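J.: Following this message is one structure expressed as structure tokens.
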């Protein structure tokens, strides 16, 4: 009887012990499950923080995207150009279209040099806008230099340096020929114009070829870059064609003094300038994600 009672108590104690062990095991499993959940949540947070873009640094005084900078710069020059031509046509057409052939040869459009440089109002506005927009153009040239370095083969780095030089010469010669007008400083104006044309034509041609054939093989062009290159090539061909026709009309007018030929020269001269502007406007696609920033220390950077 005593033995059976002891056995019963042992069995009960063992069952109680097993029950306690099961409870403790369940609690530990629950704790371990909670720890795993915390690890998963922590991992998700870390992955989210890595995959999400960093918040922009707010420590700057001014920021503008190169996209808008390019558009504003182009529009300022374009509006000034159209104003100068229209104002000259409306109020100074007969004087502006007279050449060495005399008034007997009719012409209907003024040349750019005459429209922006021969009359005080147009000269002042044009020169002011050209001088004001030049620093912005030079900043974009520096950004483009870094852009080309990142996508063009290292063996063609000298072409990138050449492009930067040509674009800088193009901007500077434009300033010089705007300040020294053909009516007052013909020799300086002529040399500056020739320099501008040579630099701009070479710049457009080399840029198109370099972006077409000189890219690093592993770089993949974005849709915006493909669109930019397509328009660069189109504007380059159009610009060179217009320049060739303008040159032919200029030489023919000087040789034969035919009515209307000088008008075609002026028209294709307009097209040369406009196609050059639109070529440079392709920066809105090449540098779409770049912003110009002025920080607290007044340092000018881009990112």
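Cβ atoms are placed via backbone N, Cα and C, with glycine included.
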J.: With the ranges 41-65, 66-90 to choose from, which does TrEMBL describe as transmembrane segment?
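T.: Feature transmembrane segment in TrEMBL: residues 66-90.
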J.: Same chain, outside the transmembrane segment (66-90) by at least 6, Cβ under 8 Å from its Cβ: which residues?
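T.: Sequence-remote neighbours of the transmembrane segment (66-90) are 96, 109-110, 112, 114-116, 118-119, 121-122, 125-126, 129-130, 132-133, 136-137, 140, 143, 270, 273-274, 277-278, 280-281, 283-284, 287-288, 290-292, 302.
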